[in-house]
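Written out below as structure tokens is the structure these notes cover.
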Amino acid sequence: MNTKTVKSMAGIVLSQISLVALFPLCICYQTHQSTSSVASLSPQFYENSCPNAQAIVQSYVANAYFNDPRMAASILRLHFHDCFVNGCDASVLLDSSGTMESEKRSNANRDSARGFEVIDEIKSALENECPETVSCADLLALVARDSIVICGGPSWEVYLGRRDAREASLIGSMENIPSPESTLQTILTMFNFQGLDLTDLVALLGSHTIGNSRCIGFRQRLYNHTGNNDPDQTLNQDYASMLQQGCPISGNDQNLFNLDYVTPTKFDNYYYKNLVNFRGLLSSDEILFTQSIETMEMVKYYAENEGAFFEQFAKSMVKMGNISPLTGTDGEIRRICRRVNHDV
């Protein structure tokens, strides 16, 4: 199916769209809820109120991907950055308003978070189909899954029924999202704070098998990793030389580099294979193979067993997607994802 065809389908009755036509064949992993705090979430939440919701989302994700393959990683990243700040409540999508400062202004998001226009477009289509029904938080969970699938990764049932926050937390976004230079212990502490464990950490960082990083995100590894003008000794020298050609010691801050230089747009296990060969782009990636025997063994296992990685990734995505959801009468269903309803 070409891009023109997908565009023409976006506005028609999407309940008849075949998932096989839009997405590559994939393995769907069954996952299960395990805590009472998310018992009100269900894969069938919109079965009666908006039965075409998932087909609409899938169609628009496909269109966005065909227009810009980078978008898959970008909208997946929004879900991560949302869930790590006061739970999966779509607070990352809110623009600044009045005294509320947007999470988009944090170091983790400023000049790098993207895909907001795609979310706006999908939300508009959902509002036309089922007004004030599908939350922006659920939309982020769905686009994350569909972005993985369209890149060749695993699928899973997305539990739905989240509601949207009325507030953003710039401070939370500054404090709770790991940086490219974070130590393994710092990253693990942040994951543990969200109820995620070491297994989840290693699996979820595998999402870096797609996407990009700016030069500014890893330059220190190339030239001054220890603070003594020395490069990172855990970085393959040939790979480092290649990176230095496009990421000099100064300038070119915004130059983009693939997180996985072998299969940059395919969701597979090459992320782990690269780490084994000391060709992880970010310091916060390579440390999985260099700072802990336990994580090293997991990296080697996933490098050799893509199916095991896919299965654990799906489980960990469900677990992450269930972090502190607003349900029942908490929060609201935003009509526009960038603004709370009283500002619309």
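Backbone N, Cα and C atoms are what each Cβ position is placed from, and that goes for glycine too.
Feature annotation from Swiss-Prot assigns active site, proton acceptor to His81. The secondary structure of His81 (active site, proton acceptor), as reduced to three states from DSSP, is helical.
Positions annotated as substrate binding site by Swiss-Prot, on the basis of sequence analysis: Pro178. Sequence-distant contacts (6 or more apart, same chain, Cβ under 8 Å) of Pro178 (substrate binding site) comprise Thr186, Ile187, Met190, Ser284.
The annotation heme b binding site is assigned in Swiss-Prot to His208 on the grounds of sequence analysis. Residues near His208 (heme b binding site) in space but far in sequence (CB under 8 A, at least 6 apart, same chain), listed by position: Leu259, Asp260, Tyr271, Leu281, Leu282, Asp285.
Sequence annotations record features per position, and here Swiss-Prot assigns Ca(2+) 2 binding site to Thr209, Asp260, Thr263, Asp268. A C-beta separation below 8 Å, combined with a sequence spacing of at least six in one chain, links Thr209 (Ca(2+) 2 binding site) to Leu259, Asp260, Thr263, Lys266, Phe267, Asp268, Asn269, Tyr270, Tyr271.
Positions annotated as disulfide bond by Swiss-Prot: Cys50-Cys130 (among others). Under the three-state DSSP scheme, Cys50 (disulfide bond) falls in the coil class. Listed in sequence order, the residues of the same chain lying 6 or more apart from Cys50 (disulfide bond) and placing their CB within less than 8 Å of its CB are Leu126, Glu129, Cys130, Thr133, Val134.
Taken from Swiss-Prot, the feature disulfide bond applies to Cys83-Cys88 (among others). Sequence-distant neighbours of Cys83 (disulfide bond) (same chain, 6+ residues apart, CB-CB distance under 8 A): Gln194, Met320, Gly321, Ile323.
Here Cys337 (disulfide bond) comes close to Ala90, Leu93, Leu94, Phe116, Ile119, Asp120, Lys123, Cys136, Leu139, Asp164: these same-chain residues lie at least six apart in sequence, with C-beta atoms under 8 angstroms from its C-beta. Residues or ranges marked as disulfide bond by Swiss-Prot on the basis of sequence analysis: Cys136-Cys337 (among others).
In the three-state DSSP reading, Cys215 (disulfide bond) counts as helix. Annotated disulfide bond per Swiss-Prot: Cys215-Cys247 (among others), in sequence order.
Taken from Swiss-Prot, the feature N-linked glycosylation site covers Asn224. Spatially close to Asn224 (N-linked glycosylation site) yet at least six residues away along the chain are Asp230, Pro231, judged by Cβ distances under 8 angstroms.
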### Query
Of Cys136, Cys215, Cys247, which of the disulfide-bonded residues has the most Cβ neighbours inside 10 Å?
Cys136
## Note on the structure
CB contacts under 8 angstroms to His81 (active site, proton acceptor), restricted to the same chain and 6+ apart in sequence, sorted by sequence, are Val92, Glu103, Ala108, Asn109, Ala113, Ser173, Ile177
### Query
In the structure shown, with every protein chain counted, which of the disulfide-bonded residues Cys88, Cys130 has the densest set of Cβ atoms within 10 angstroms of its Cβ?
Cys88
### Query
Cα distance, Cys88 (disulfide bond) to Cys215 (disulfide bond), nearest Å?
29
### Task
Determine the most Cβ-crowded residue among the binding-site residues Asp260, Asp268, using a 10 Å radius around each Cβ and all protein chains in the structure.
Asp260
### Query
Could you give the Cα-Cα distance between Cys247 (disulfide bond) and Cys88 (disulfide bond), in whole Å?
35
## Note on the structure
Residues sitting within 8 A of the centre of the Thr209, Asp260, Thr263, Asp268 CB atoms (Ca(2+) 2 site), not counting those, run Ile210, Val262, Pro264, Lys266, Phe267, Asn269, Tyr270, Tyr271
